[in-house]
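Feature annotations, reproduced from Swiss-Prot:
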- 372-650: domain 'Radical SAM core' (DOMAIN)
- CYS386, CYS390, CYS393: [4Fe-4S] cluster binding site (BINDING)
- 686-739: region 'Disordered' (REGION)
- 704-724: compositional bias 'Polar residues' (COMPBIAS)
- 729-739: compositional bias 'Basic residues' (COMPBIAS)
Amino acid sequence: MSSISLIQPDRDLFSWPQYWAACFGPAPFLPMSREEMDQLGWDSCDIILVTGDAYVDHPSFGMAICGRMLEAQGFRVGIIAQPDWSSKDDFMRLGKPNLFFGVTAGNMDSMINRYTADRRLRHDDAYTPDNVAGKRPDRATLVYTQRCKEAWKDVPVILGGIEASLRRTAHYDYWSDTVRRSVLVDSKADMLMFGNGERPLVEVAHRLAMGEPISEIRDVRNTAIIVKEALPGWSGVDSTRLDTPGKIDPIPHPYGEDLPCADNKPVAPKKQEAKAVTVQPPRPKPWEKTYVLLPSFEKVKGDKVLYAHASRILHHETNPGCARALMQKHGDRYVWINPPAIPLSTEEMDSVFALPYKRVPHPAYGNARIPAYEMIRFSVNIMRGCFGGCSFCSITEHEGRIIQSRSEDSIINEIEAIRDTVPGFTGVISDLGGPTANMYMLRCKSPRAEQTCRRLSCVYPDICPHMDTNHEPTINLYRRARDLKGIKKILIASGVRYDIAVEDPRYIKELATHHVGGYLKIAPEHTEEGPLSKMMKPGMGSYDRFKELFDTYSKQAGKEQYLIPYFISAHPGTRDEDMVNLALWLKKHRFRLDQVQNFYPSPLANSTTMYYTGKNPLAKIGYKSEDVFVPKGDKQRRLHKALLRYHDPANWPLIRQALEAMGKKHLIGSRRDCLVPAPTIEEMREARRQNRNTRPALTKHTPMATQCQTPATAKKASSTQSRPVNAGAKKRPKAAVGR
């Protein structure tokens, strides 16, 4: 176990005195209608939470955690789930809240939930009853906030959830292909809470309940607000002075008084003199009461280098131990972002997960099936956070790098509750995990380093020597869980971070022997160094070592088990040659991927910055700094995705065309080292038929007469125009030429 952390909160999450409404006790379900409020004896709600998801009273759903957390503080909390946003009526169905509206788009970003990576409309929604699409608007945070303001203009609105969290500064918006303002500015909300919201939510709720106006609540960690100038007592520094990662301060020598002098001369005895004892106030740390001024919205919108620079600074100010506040100008106002909240302790995590969740959807949904709930109803979340720092992932920016783990007893109690209370349980726990399967109880072994480090990843390019990689707590948890009465199997469905797992082969043996249901998913993401370096993912050497150990231990256990690798196509830094090499690797290892994913530029991710700017925010940014190749355009993104499914005949024409253009025609054929077969006679005939039926491309310069022609007429006219001027005329006799 690691040492006691130096990053400590000012007060415990559950140390606030309960609000007077605690006398009502916990509700069976948080009410979604006036009828339910009447049954509870409530005349009003203190807080109303508006969400784009169906209400499932389960700790895997953000609104359930926030609602039950506030309820435990004594507040009366109502839920408005997936309201009709066409008018304000649905937002008034629970009446006027006494304190504030809490607004979130849901567990997923509403745009990612609605559109694919190719900007195509999805036709399902896993967070909606019966998987029905279209029950939430695009940019749901903005729309819901506007309706709340229409319904009750004087009630504060506080934003939260992943959508608002990743849009707290000026950000690139993939769907409109432009830089948008902070969602706090666009929505005109009163406050934004980013990341996991328990600490700021509880503090703000109690301060509002004590009569403090929301306009004066400006010092809460994990919140963003609109200000006209910097907060009083804070000193600022321009971001252009900080475009380098912070350093870990050296740890003082415990016997510093006995160190030799620089010139190696003997130390003369010091003359002892009596001195008055004076009490010195503690020296402020360099990051306390300090803010970083980021380039303004107007500047980052017009200058991609400044955008990349601002993104780099933001990602280096995410350690709650040493992060400074951030300030970014939007017009004549500033978005002020306070430092991140202190992570929850194990005791606080246990208390959050011990709240009286029913672990089922609200009865109002009847027998409707909610796919997101079906996926997690027999799973247990054992930790939060991720120190992997993958460039394309937003978990680190949302939940933080410091792992927040529950105790063994808390997890075991939840497994027993599932066994005893959840309908349809068959004895199989579908997952014990979190953002990553094997980071439970892992954290920095040096409290001083943990407090001051600004590394983006604790495991890239190499595992930090301060990082604990002992998987014994996880192994002990697995063993205790599977020994419970009535538990037949404990599966691990969360992704395994294999570069950490190989540091402790005992974990791989435990996993392969007892906790894999035939297939284990891991995510190498790519095989080539170019894209891997931009993703901040380990090389294939770690994958090969993990596979060797996994296969060995599976064989020892007498089991036939396989690894299912996940890959990303079209990620910044990926050239066509890289994708061809990946496809060849897949074919060599006989992988035929069914589901593949093109890179999806989500707000705030480092990879999204690369996609938009063509610069690498993982290194120092400048106008002459490294340029990153970015595969853009529908055709190139389709090609990269097609190469992951090299075995699909529908992709062969596109792959052949690309291989020929790259000078790799030798990869087309029937030999074992070829990627795709040569076209058949029937394929060539079909291609010719399609070419005959194509219509010539029209531009604004095409004559109107040609534009109005039918394809057959246009083809005839085109063939006529291509003939010589004197075609069809009788040839003159040679003798007549000289006349």
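Every residue gets a Cβ built from N, Cα and C, even glycine.
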>> Give me the long-range Cβ neighbours of CYS386 ([4Fe-4S] cluster binding site): same chain, 6+ apart, Cβ under 8 Å, in sequence order.
In response: CYS393, ILE395, THR396, GLU399, ARG401, ILE403, PRO435, THR436, MET439
> Applying the rule Cβ within 8 Å of the centroid of the Cβ atoms of CYS386, CYS390, CYS393, what extra residues of the same chain belong around the [4Fe-4S] cluster site?
Replying inline: GLY388, GLY389, PHE392, SER394, ILE395, THR396, PRO435
>> I'd like to know which of the binding-site residues CYS390, CYS393 has the most other Cβ atoms within 10 Å of its Cβ.
In response: CYS390
> Do you know the mean pLDDT across the domain 'Radical SAM core' (372-650)?
Replying inline: 95
